[in-house]
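Here's the structure, in structure tokens; my notes come after.
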Amino acid sequence: MENGNQASFVNQSIFLTRRSFVNMYRDLRYYRLHLAIYIGLGICIGTMFHTVGHSFASIQYRALVLVYVAGFLTFMAIAGFPSFVEDMKIIGRESLNGHYGVAAFVIGNSLSSIPYLFLISLIPGAITYFLVGLQKDVEHFVYFALALFTCLMFVESLMLLIASIVPDFLMGIITGAGIQGVMLLNGGFFSTSK
């Protein structure tokens, strides 16, 4: 293929963003099933810890809610690994044929996942946050939702990186779970107070 006939990097990224967005919408496993599970989980956590209060004794319960929500949402991103492996097979063929580069694919995939990850962090986050009654200020909730969104974006990127290195489903899921387990342990939530 000649360079004169090849689409620009921006056009490639736009095309891949659109294609990836449509694929994510069509595939039930990608984000819609995750959203339904997270909403159910948010309702469960919210009812279990409904209005724990703001006393000194309730600090531990609020911390448990925050750790569990952040840990579970990010850990469940492993479920998207099979879709990433399928995408890696497609990108391997198409990039070898000279249709686009890896950078255009990464940008397209990242941009297309932003709305879904934002909804996943916003809707279940709001259900959990306000049922538990963590804070009444909107600023605190926005910070909470953005922190969840950032964690989800990071873990999605991590799983995409693992899919590019480890193409086997089982080994990729084990690798992702191991890395996330180490990150949870080193996050400071489980440290002893000395």
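Glycine residues also receive a Cβ, built from the backbone N, Cα and C atoms like all the rest.
As annotated by TrEMBL, domain 'ABC-2 type transporter transmembrane' applies to 12-191.
Nonlocal intrachain contacts for the transmembrane segment (30-52), taken as residues 6+ away from its ends with a CB within less than 8 angstroms of a stretch CB, comprise 23-24, 58, 61-62, 64-65, 68-69, 72-73, 76, 79-80, 83, 113, 116-117, 119-120, 123-128, 130-133. Taken from TrEMBL, the feature transmembrane segment covers 30-52 (among others).
Counting only same-chain residues 6+ beyond the ends of the transmembrane segment (64-85), those with a CB under 8 A from a CB of the stretch are 27, 29-30, 34, 37-38, 41-42, 45, 49, 52, 120-121, 124-125, 128, 132, 134, 144, 147-148, 151-152, 154-156, 159-160, 162-163, 167, 169, 172-173, 176-177, 180, 184, 189. For 64-85 (among others), the entry in TrEMBL reads transmembrane segment.
Annotation comment: TrEMBL describes 114-134 (among others) as transmembrane segment.
Among the features that TrEMBL reports, transmembrane segment is placed at 141-163 (among others).
Under the heading transmembrane segment, TrEMBL lists 169-190 (among others). Within the chain carrying the transmembrane segment (169-190), a Cβ under 8 angstroms from the stretch's Cβ atoms is held by residues 63, 67, 71, 74-75, 77-78, 81-82, 84-85, 155, 158-159, 162-163, all 6 or more beyond its ends.
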